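Visitor: Sharing a structure below in structure tokens format, with a few things to ask.
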Amino acid sequence: MALSRIIKSNQTLVKSIKLIPPNSSLLHSCKSPLFFPSNQRRPICAKHRNDNFLSSDQINISNAFISILIKQPFSPNNPELNNLVPLLTHKIVESVLNNLKNWRLAQQFFTWVSSLPGYKHNIYTYNAMASILSRARQNAQLKALALDVVDSNCSMNPGALGFFIRCLGSVGLVDEANNLFDQVKRIGLCVPNSYSYNCLLEALSKSNLINLVEIRLKEMRNLGLEFDKYTLTPVLQVYCIAGQFDQALSVFNEMLERGWVDEHVLSILVVAFSKWGEVDKAIELIDLMEERGMRLNEKTFYVLIHGFVRESRMDKALCLFDKIRKLGFCRSVSLFDVMIGGLCKNNEREKALSLYSEMKELGIDPDFGILTKLIYSFSEEEEEMDRLLQQCWEDVGSQPKNLLFNSVLEGLVRNGSIDTACNLIQSVMGNNRNGGSVLVKYFLNEKEVVTLNTNSFTSVINGLLGAGKVDMALCLFREMVQFGCNPTLSHCNNLIDALCKLNRLEESYELLRQMKEMGLEPTHFTHNCIFGCLCRLEDVEGAVELVRKMRFYGHEPWIKYSTLLVKNLCKHEKAVEACKFLTDMAQEGFLPDIITYSAAINGLIKIKSVDKGLELFQEICARGYCPDVISYNILLKALCKAKRVAEAEGLLNDMMLKGLVPSEVTYNYLIDGWCKNGEIDRAMLCLSKMFGKEREANVITYATLVDGLCNFGRPDDALKLWDEMGRKGCIPNRIAYHTLVNGLCKCGRSSAALVHFNEMKEKEMRPDSYIYIALISAFLSDTNLPCVLDMLKEMVDVGNLPDPLDKNFPIIRGAICKLLEDARTSFSIKHLIAEGKIPDVSLLEGVEGRHEPSI
């Protein structure tokens, strides 16, 4: 069979696998049966000789050796051993090794025998020793033995080589197996046959070495060795382990056509389907196996059930579980655990409870993990939990009942029944504020009283905090302390965190004080919760004071809160205070990062202190900070806005000298600065630099330049740049179209403006009112009154006509007056006035009757 056939492609799962129906002609045409009976197994190793191959004298000699070896510590100078030396043969050595139960003793005997004059181990004695070492998992000794086989030039037949290879592969010594195989071939100690290769393929497949498997298959083909069932089984297995779906199905189809499919092969594929998530196809294969009188083994059933549960296919998992029941396999507590856990996860509570009852009927004691899964599933309703506890209460001993109570509380909290959990714990404490819980009867009875511990309170307090019920959580925390349960650091931290998020600073400090009284030291997290609250409240003095205390504990304030405080101060134009805070932080030994300083620089700029921002920037650079692109962009933007573009460009050069790569935003700030400074050519040069640095100009870049070119009376250059933008794949947005149309109108290019105006509308971009105004102004300048009328009508239709108080309304008023004066347009404009769609400008001007409409 060619290697290409093994790895042929398959398109889909259903089409790829050729599941043969029961009455298929292939079943009757194969020379060998398609499915091997369960008692026909591949031999574990090459045919191994045992005591039946020894004569009675040899058996007696072997037993004599064993008797001496096991009676006393091994000594090579033992006279009894030396008396038996002349009788030693390879068969006797092999027999002795196979009957010694201690690997150390076997190795001592093996080493002693090899040192005897005139004796040399053969491959069978080597294999006996290899078998012992592999069973004992003595990899170092087995590696040394593999080297010794080659060094001693021990010749071997292909079967014996295969056996040694399998011993190496069984303990994961795949590289050693591969090397041994090549060395005996190269030296000429053995000519491997199909069996030898099959053993090597089996070892390679267990370690998922696909490439080596395919190389060895190619070797077999080139040597003219036939593939058999045992050749392709490890190939199928390695593809399944690697998840190479198409190749695995190709190999399976080849085996199917040749009649080599048996229980083991189908089991490999069934498990693979499960791992691939193809649950239905796995079930189909199992059904096919049953039709052929085959069945999976117990381990495979367990693996499949785990896989089906993982895929949330509980219907199929239950189907297999039923098969296990019918086949009489042992159903362990771990299997019930997996099944009940899967059913609970799928909210199939009744089925889970049914399996729980079945467990008890079988005499299998459910562990606490199973009970916990059931409790979490049944805790959505108090009545459901009551029903569950009725069934499982007696199955729990007295000690785990405390654990059960805590699990009930945890389950209620997980399912959002926080009030029920709170009510239950209050009832057990004896505080029946809300009439008590129906579940309390299990935990407060005459025979057994559940003892509350810290864990009992933990889940409820955390649940209350998670639900935002901070006051209730605080109340329960205080009751826990009064009840005699010791609070943990986690309790205090969680409560302080919740209080700080609500800016309840005083209560946080009070809890911190109580914490210290209880002997609980505040952590890094504790202090930073309060530090964050102080920063949100913009309490600079409080924040600095806390930082001093944190330094005493060795705790570092979180930078994110320092940055937040600086940003909030700058937002309220308190940049000077922000800078002072940063100075105080540095004096306490906590250096802010560049992000925090960038926020301060931005704040200084916003209060019109660009030079102060530059000064702070230069100061932090002198202190060894490395500003990032964002820091530079803040200053570049400010300098360009202040029309100090030359300084901004110098800052850009400094930025690149330090190895920073300017962003598109950086270049956009400079381009905008040069355009507003009236230096459009320098702006275009900046665009060229941008392309030179392999930076892609974006729509903002092009729109800025188009606006600048139009402002300086260069509409043709603006249109060329617009076309270039399209060629480079930069799609103009609504703002870019507004910029171009408005710019062309200002340049007196009304026709070109109208073309792009219509193009914009075709792309379903709605023009703003000022674009209509710009076009109307341009058409008025060209005395193109029909177009003015069309624009005015469109403005009315889309609801964009400005209010008479709008600053642009005088243009509309002038347009209406012009249209009323022109014979071509006066009738239409009077009609619009009569309908009330546009105002009567004569009334607005106080000149009544000047243009009285008459329809």
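Here, residue 1 is simply the first one shown, and the rest follow in order.
Note: Cβ is positioned from N, Cα and C throughout, glycine not excepted.
It should be emphasised that the depicted structure is a prediction, and the values quoted were computed from it without experimental measurement.
So TrEMBL says this about it:
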{"type": "DOMAIN", "residues": "213-323", "note": "domain 'Pentatricopeptide repeat-containing protein-mitochondrial'"}
{"type": "REPEAT", "residues": "193-227", "note": "repeat 'PPR'"}
{"type": "REPEAT", "residues": "228-262", "note": "repeat 'PPR'"}
{"type": "REPEAT", "residues": "297-331", "note": "repeat 'PPR'"}
{"type": "REPEAT", "residues": "332-366", "note": "repeat 'PPR'"}
{"type": "REPEAT", "residues": "453-487", "note": "repeat 'PPR'"}
{"type": "REPEAT", "residues": "488-522", "note": "repeat 'PPR'"}
{"type": "REPEAT", "residues": "523-557", "note": "repeat 'PPR'"}
{"type": "REPEAT", "residues": "593-627", "note": "repeat 'PPR'"}
{"type": "REPEAT", "residues": "628-662", "note": "repeat 'PPR'"}
{"type": "REPEAT", "residues": "663-697", "note": "repeat 'PPR'"}
{"type": "REPEAT", "residues": "698-732", "note": "repeat 'PPR'"}
{"type": "REPEAT", "residues": "733-767", "note": "repeat 'PPR'"}
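I'd like these features described in context: how deep, what's nearby, how far apart.
Guide: Within the same chain, residues 1-3, 6-7, 46, 158-159, 161-163, 165-166, 168-170, 172, 174, 177-178, 181, 233-235, 237-239, 241-242, 244 sit at least 6 positions outside the repeat 'PPR' (193-227) and bring their C-beta atoms closer than 8 Å to a C-beta of that stretch.
Mean model confidence for the repeat 'PPR' (228-262) is a pLDDT of 87.
Under DSSP, residues within the repeat 'PPR' (297-331) fall into helix, strand and coil as 27 helix, 0 strand, 8 coil.
Within the chain, the repeat 'PPR' (332-366) has long-range Cβ neighbours (under 8 A, six or more residues past its boundaries) at 302, 305-306, 309, 312, 314, 317-318, 321, 324, 373-374, 376-378, 384, 388, 391-392, 395.
Within its own chain, the repeat 'PPR' (453-487) has Cβ neighbours under 8 Å at 402, 405-406, 409-410, 412-413, 418, 421-422, 425, 428-429, 431, 494-495, 498-499, 502, 504, 507, 518, 520, counting only residues six or more beyond its boundaries.
Within the repeat 'PPR' (488-522), the DSSP-based counts of helix, strand and coil residues read 26 helix, 0 strand, 9 coil.
Long-range contacts of the repeat 'PPR' (523-557) within the same chain, counting only residues at least 6 positions beyond its ends with a Cβ under 8 Å from a Cβ of the stretch, are 489, 492-493, 496-497, 499-501, 503, 505, 508-509, 512, 515, 564-565, 568-569, 572, 574, 577, 580-581, 584-585, 588-590.
Residue counts for the repeat 'PPR' (593-627) under DSSP, split into helix (H, G, I), strand (E, B) and coil, are 26 helix, 0 strand, 9 coil.
Applying DSSP to the repeat 'PPR' (628-662) sorts its residues as follows: 26 helix, 0 strand, 9 coil.
The DSSP breakdown of the repeat 'PPR' (663-697), given as helix, strand and coil counts, is 26 helix, 0 strand, 9 coil.
For the repeat 'PPR' (733-767), the residues of the chain that approach it from at least six positions outside its boundaries are 699, 702-703, 706-707, 709-711, 713, 715, 718-719, 722, 725, 774-775, 777-779, 781-782, 784, 787, 798, 800, judged by C-beta separation under 8 angstroms.
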Visitor: So which residues does the repeat 'PPR' (663-697) touch in its own chain, when a touch means Cβ under 8 Å and the partner is 6 or more beyond its ends?
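Guide: Distant Cβ neighbours of the repeat 'PPR' (663-697) are 629, 632-633, 636-637, 639-641, 643, 645, 648-649, 652, 655, 704-705, 707-709, 711-712, 714, 725, 728, 730.
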Visitor: Using a Cβ cut-off under 8 Å, which residues of the same chain at least 6 positions beyond either end of the repeat 'PPR' (488-522) come close to it?
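Guide: Here the qualifying positions are 454, 457-458, 461-462, 465, 470, 473-474, 477, 480, 529-530, 532-534, 536-537, 539, 542, 553, 555.
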